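Worksheet for the structure shown next.
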Amino acid sequence: MKNGSISPVVLIILDGWGYREEKYGNAIAVGKTPNIDSLWQAYPRTLIQASGKAVGLPEGQMGNSEVGHLNIGAGRVVPQELVRISDAIEDGLIVQNQAIKKICQDVIERNSKLHLVGLCSSGGVHSHVNHLLGLLDVAKAKGISDVCVHAITDGRDTNPKSGLHVLKQIEYHTNQIGIGRIATVSGRYYAMDRDKRWDRIQKAYEVMTQDGYGTGCSASDLLQKSYAEGITDEFVLPVRVAPGAVEPGDGVIFFNFRPDRARQLTQAFVAPDFNGFERQTIQPLTFLTFTQYDSSFPVLVAFEPQNFNNILGQVISQHGLRQFRTAETEKYAHVTYFFNGGLEQPFEGEDRELVQSPMVSHYDEAPEMSAEDLTEVAIAAVKKQIYSLIVINYANPDMVGHTGAMDAAVNAVQTVDHCLGKLLQGISKVGGTAIIIADHGNAEYMWDEDGNPWTAHTTNLVPFILIEGEVSKIPGHGTKVPLRENGCLADIAPTILEILNLPQPAEMTGKSIIKKAEYELKPNRTPVRVGL
C-alpha cells in the first residue's frame, strides 16, 4: 500500500433488494447469486427496517428510494413529506398555507381556471390521492368553480390496474362537492419521465395545454378501454377527456411531493430557457409545486424543504476527508441530492460521476442496465485511494423489478451479484471496508398471491452486510464484528462514522449497528478489529 493512501469505506446500495425467504415470485431467491450468498454466510450480517415509521413514513407504508437515501445520508429518521402534507390536510391547516392562498387568490382575481396536476395514486411514493381530494376541498372552500384535474396514472408503485379505482374515487368526490372534473389522463411513463426523454413529456404537456372537447367518455371508462387493449396504468397514452386546457392567467398546482419525476414536466411549463421541445410560453401563469423541485424554478412552493444539519456527507467534508458518489442515471439523484438532504451542490471534497442508463423503453429489455460500467467507475475510485467514503447504487433490482417481468428481474439480480464480486475484489486489494445494504424491497416480490405481476415496492426488511478486509484478502477481521438487531436505515451513517473513527454529531439520532467493540485505527482511517 502506498504511503498516505486511504482504504475507503464503500457503501454499496442494492436498490430494491429486499429480504424474503419464500422462493415464489422471488427473483433474488430464484437467481444464482453466489457472491451475495457466500457473503451472507461468512460475514457479519443482519436485517434492518426500510419502511413505515422506521423511515419517517406512516406505519405499514412501503419505503422508496428517495426516503431511503434521505434516511441513510441524514443518520436520523426523517419525517417524510407524505406525513407533513397529510397532517396539514387532515388538520385543515393547508387552507392557511401562504402559497396555497396566493394561487387561489390569483385564480379568483383573474376569473380563471385552477389546474391540479399529479400522480393519482394511493402508493404514497410520489404523491397520494388524498392530497388531491384535499385540494379539491380547498378550491371549493375558496370559491373557485372551474377546477381541472390532470390525472397521471401510476401502475408502478401500485398494482398495474389500480388506477381505475382511484379515478372512480376522484370522480365520486368531484360529484359530491360539485366542482372539478378530470380533464386529461396520462400514464406516468409519459408525464413523469426523469431521463430527458422529452418526447414523452411533450405528449403529456401538449394534451394538458391544447384544448378540445375530449373523448366523450369518463376518465374511468377510458381507463377500462385501455385495459381491454392491454395498456395498464403506467403506459396510458396522454389523452384529453374533457375541456380545460392550461391557458394564460390560469393557476397550476403540481401535487407530487417527490421532486425527481416532477421536474421535467414543471420545466416545460415554467423554465424561460426551456429547450426540451418547441412550445409556446404560457404567461401569466401562477405555478405552485407541493415541495421544492428545483431551487431555480420560478414557482410557489407550498411545503418548503426541511433543513438538515450535520448529515453524513457534511461531516465527512468538515473533517477534511474526500468522498465519491456514483450511480447510473436512474439513481444518480438519490446518491447526490437525496443523500445530501435535498442539497443540489456537492460538499467540499465530494466528487461525483454519472453513468448513463441505457435508453430503452422498459428496463426488462436491458436488465443488465449499466451495472458493468458503473462497477468500473467505482473500482477506479477505490484504486485512487484518496476517498474515505465511496457510495455506489445499483439500480437494477428496483428498476427491473418495477417492470413485473420475473425472468428479467432474475437477470438483473444476477448481474448485480456478478458486479458485486468484481467490486469487492477491488476493495479488498486496498484493505477497504464494504457495507452492503438496500434502501427498500422490490425484486424479492414479483408476483402477488394470484400470480399477477407485482410492480410496487415492499415493506420487507433489507440486508446489512459488513465486510472488513486486509490488503490481500477480503475476510480480514470482519467475521468477528458483532452486529445488533432491530436497526434501520438511519443507523447506517453512525455506523460509517464509527468505522472512520469520527464523532457522531448530536443531530444524528441513529445508532451504530456495530455493537461495542475496540478498534485500532490505521493511519489511513480504516480500523482493524483487534479483540472483543
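Placement of Cβ uses the backbone N, Cα and C atoms for every residue, glycine included.
The record from Swiss-Prot ties HIS126, ARG156, ASP157, ARG188, ARG194, ARG258, PRO259, ASP260, ARG261 to substrate, and of the options LYS32, LYS53, LYS331 it ties LYS331 to that site too. HIS457 is the residue from HIS418, HIS457 that Swiss-Prot records in the Mn(2+) 1 site together with ASP398, HIS402.
Mn(2+) 2 binding, as stated in Swiss-Prot, involves SER65, ASP439, HIS440; the candidate among ASP15, ASP106, ASP407, ASP491 given for that site is ASP15. The C-beta environment of ARG261 (substrate binding site), restricted to residues of the same chain at least 6 apart in sequence and closer than 8 Å, consists of HIS126, ARG188, MET192, ASP193, ARG194. In this structure, the binding-site residues ASP15, ASP157, ASP398, ASP439 were compared by how many other Cβ atoms lie within 10 Å of their Cβ, and the smallest count belongs to ASP157. Other Cβ atoms within 10 Å of the Cβ of SER65 (active site, phosphoserine intermediate) number 27 in total over all chains. Here the binding-site residues are ARG194, HIS440, HIS457, and the one with the most other Cβ atoms within 10 Å of its Cβ is HIS457. If you draw a 10 Å sphere around the CB of HIS126 (substrate binding site), it holds 26 other CB atoms from the protein chains shown.
Highlighted in sequence order, ILE13, GLY16, ALA50, GLY63, ASN64, GLY68, HIS69, LYS331, HIS334, ASN393, ASP398, ALA438, ASN442, HIS457 have their Cβ within 8 Å of the centre of the Cβ atoms of ASP15, SER65, ASP439, HIS440, the residues recorded for Mn(2+) 2, and are not part of that set.
When the alpha carbons of HIS440 (Mn(2+) 2 binding site) and ASP398 (Mn(2+) 1 binding site) are compared, the span between them is 9 angstrom.
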